[in-house]
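Asks: Would you mind keeping the following structure in view while I ask a few things?
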Amino acid sequence: MTVGKRKLSNGTVNEAKRLDDHVPVVAPSTNPDFENANGEDNEDIDDYSSEGEMSPQLENYFPQTTSWQKTITKVVKSVVSIQFSHVSNFDTESSAVSEATGFVVDSERGYILTNRHVVGPGPFCGYVVFDNHEEAVVRPIYRDPIHDFGFLQFDPKDIRYMKIEQLDLRPDLAQVGTEIRVVGNDAGEKLSILAGFISRLDRNAPDYGTLSYNDFNTEYIQAAASASGGSSGSPVVNKEGYAVALQAGGSTEASTDFFLPVYRPLRALQCIQQGQTITRGDIQVEWQLKPFDECRRLGLTPEAEAAARSQFPDKIGLLVAELVLPEGPADGKLKEGDTLISINGTPIASFISVDEILDEQVGQSLKFVIQRNGHEVSFDIVVGDLHSITPSRYVDIAGASFNDLSYQVARCFCIPVRGVFINDGSGSFELSPFEKNGWLLEYVDDKPTPNLDAFVEVMKSIPDRKKVSISYRHVSDFHTENITVIYVERHWQSTFRMAVRNDSTGIWDFTDIQDKPLPAEEPVPQNAKYIDIPFDDPEKSGCSQLTRSFVQVRTIAPVPVDSYPYRREIGYGVVVDAANGYVLVSRRFVPHDMCDIFVIFAESVELPGKVVFLHPNQNYAIVKYDPKLMLADVKTPKFSDKPLKRGERAFFVGYNYNLRVVTDDVKVSSVSSINVPVASLSPRYRGTNLECILLDSKLSQECDSGVLADYDGTLRAFWITYLGETNCDQTNDRVYRMGLDVTDVMSVIKSLHENKVPAGLRILDAEFASMTIFQGRLRGVPQEWISKFEEVCEDEMKFLAVDRVSAPALGQVATPLKTGDIVMSVNGSIVKTMRDLGIMYNQDSLDFVVIRQKKELHLNVPTIDTSTLNTSHVVFWCGSILQAPHHGVRQLIEKIPSEIYVTKKNSGGPANQYGIATNSFITHVNDTETKTLESFVSVVKGIPDNTYIKLRLVSFDSIPVAISVKTNYHYFPTFELKKVNGEWEETEHKV
């Protein structure tokens, strides 16, 4: 991804975006070197004489390349490619890895000038690469609160093989018609040289959209140079080699580029060089440069216009107040539409003059003279400190991040610069799946949070696992107050810390605010009232109390393991044992046991739950709650001992998309052997080797949860949801809604009735799929076996064949089954359906008769212990989440390269910056083999911080690769989550 060229959608409206990807290099179609005066290609012009000399016709038209060559030779030795990461969300910016351009402005001290949107407002880590491919670590030393420039610093001693050149800043040399070159990392190509001519000096700052960084209160320079992503921070140089401007953005629909004048960067550089504080003043007013004709329409008098034109003959307009922020220094004094005439007696016609005056008068009262509706009015306004309304700290807690509201955001929506801003609405503060930032907190647990300090004190008083109400607004809809209840989770994500920017070191210093949260409050017994299902038909009255067997199950999965794509899910489960407190629920809603579970009764009472069992094949989980805490009349339903058959009728009770109870008379249309399709790009758990019930009811497909029952209330099947593949554009996950026969679950239910959780369940580590008799004949099944099948099959006559064989886990023996084997019998019994394989759950091995390549084989097939299938160890390292390959991975791969599987990575971490791919396997660290997570941790915890290490990886497609990764333990410490005696424990490894 390449940050850099932030381009407008067109040259006339204030819409813009950053180009975040490499842009293919295309030969420009408007190169003046190859066009005639009419703009047509010069293919038919005799450009050169027969002696090889340039024709007189074009002698003066071509630029003097010799002088430019000398200039460029010097410039390229000052230009650097910046490889960087914004490691954390902060203010308007999200964590990201990117590249851009900068150039040396002080070779002795190692100062580099680049854009503010490159340095970023938050934590920054990066390095620069010089023209000779030497690199140096850089640290940010200044980022301007408003204008799009910042400074990085490197150690000049790190560059040993090249003389570093520096560019002098000469903003005064930027003139209309000046020929310029933009030298930088255009389109991520490290070095590109783009030509153009300055066409404007007085453009208003481009607008890149709301909730994004925007420059304002400054002129921009315009030129046509066709720069693209990665060119941000490039020097704009004239023929003499002076930097006359700084590349910042451009149009997305034209070749137009926008450059920042370097007046304020020059002043900031001089302050840094002299060890002085860079003062920045502001009155919280956004000005726009408007032409004189528009100023007249807004109330500028002819006399004032004449005076301005006389004083500034080269100017085309004046500054007009576009926005006055509430509660700012100018609030109640200046108004939108006021035309600025002077400040403290100094006539004003440019942003540069305003900056020069305000920056030197912070804290002072200045006299502003404006024209309003044909009248001249003056006000005394105290200049505020711009740094004081620019956040320089943030708080991490409960998986989310917060900072004080910034001037940047407040200006976009014309709101006061105060409040707690959610820059990363994740974890407990995930208020919308679509909007991660832009929220302002007003109350937490009914206590006001006017600023970050007040918010910290409120959060310190809230126990772990408590549910509290919050009041909040979105800055884009400030009229609407939102109130909701959140779950404060601080056991999976225990961090509660303050990060403060340290300009002397360039890093952000962390301070732990609270080592441990207050202990969770103990739940108390509660009662709830159920409302039964009303029926006019007395024959169905036995189903009226089935709602007493349903509970709502809410899941929070804070750690993205096993490639499960969701963090929060809501579904319904069935109480299969009310006396002992057991609930059966789809693994679509409870994917693994690394989550918090809440069981809600009668839409009224909520109790904590715990995952105690995960079926490896049949897509259901068992959740336990404490029945002593539920005083309501929860019912254990009756269970049938007869499997449903095709054509049978049943009564459907389910919960639809609105979580409302619906009912329907249904008929079983099919009972089929099914495997849920795979999500190949992100392998995850899915139901396999299933015998599923399909219905002819449209209503059932609107329900994620439910049951099939007889009219007397006896349960025949559970209606559950199966998570399947991802659609073609990777935006949505396909789900399947099917029935699971009660008889297929009864062995587990009987154990639960004895208050025993099934343990030691065993399975065949292979997938089977149905095959028609016709296909079996073609593949060599003899008539003898076909006749046996025809004698015993009652419904569909189909064989089962091995569809896929899982890769064995470390230390496991591979199954003798092979893809394509057609199963005839198991332990002497003919296999007609998936249900006939159910004997595997309590057998160490099974005797198979299969047809393979038209030959009959007798195989003894071992089963595997499923107690090791569930994830029990997770490692967080350099922004990546590592775990042993879960069962969904092993089902789709032939061989496991190692037990270190990359399941997720942070967008701003070293793992993303240096190319650790998700769904890959780490096999070696510094050429030391690391087969397991334990061996990996043992090696990396001895590697110092800020050190390059070599990793060898193998992709999911078995392609080996070697990369180098630089550790960053300050922002991305190494820690583990490990399941010990049924409980998860966290261990941090400090270097």
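A Cβ is built for glycine as well, from the same backbone N, Cα and C atoms used for every other residue.
From Swiss-Prot, for reference:
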| type | residues | note |
| --- | --- | --- |
| REGION | 1-57 | region 'Disordered' |
| COMPBIAS | 38-50 | compositional bias 'Acidic residues' |
| REGION | 86-269 | region 'Serine protease' |
| ACT_SITE | His117 | active site, charge relay system |
| ACT_SITE | Asp148 | active site, charge relay system |
| ACT_SITE | Ser231 | active site, charge relay system |
| DOMAIN | 296-374 | domain 'PDZ 1' |
| DOMAIN | 885-957 | domain 'PDZ 2' |
Asks: Give me the non-local Cβ neighbours of Asp148 (active site, charge relay system): same chain, 6+ apart in sequence, Cβ-Cβ under 8 Å, ordered along the sequence.
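Replies: The answer is Asn115, Arg116, His117, Tyr213, Asp215, Leu246, Ala248, Gly249, Leu260.
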Asks: How many helix, strand and coil residues does the domain 'PDZ 1' (296-374) contain under DSSP?
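Replies: Once the DSSP states are binned, the domain 'PDZ 1' (296-374) shows 21 helix, 23 strand, 35 coil.
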Asks: Applying a 10 Å Cβ distance cut-off over all chains shown, what neighbour count does Ser231 (active site, charge relay system) have?
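Replies: I count 32 other Cβ atoms within 10 Å of it.
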Asks: Around His117 (active site, charge relay system), how many other CB atoms lie within 10 A of its CB?
Replies: 29
Asks: May I have the DSSP-based helix, strand and coil counts for the residues of the domain 'PDZ 2' (885-957)?
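Replies: Computed counts for the domain 'PDZ 2' (885-957) are 16 helix, 19 strand, 38 coil.
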Asks: Limited to the domain 'PDZ 2' (885-957), I'd like the whole-number average of pLDDT.
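Replies: So the average pLDDT across the domain 'PDZ 2' (885-957) works out to 95.
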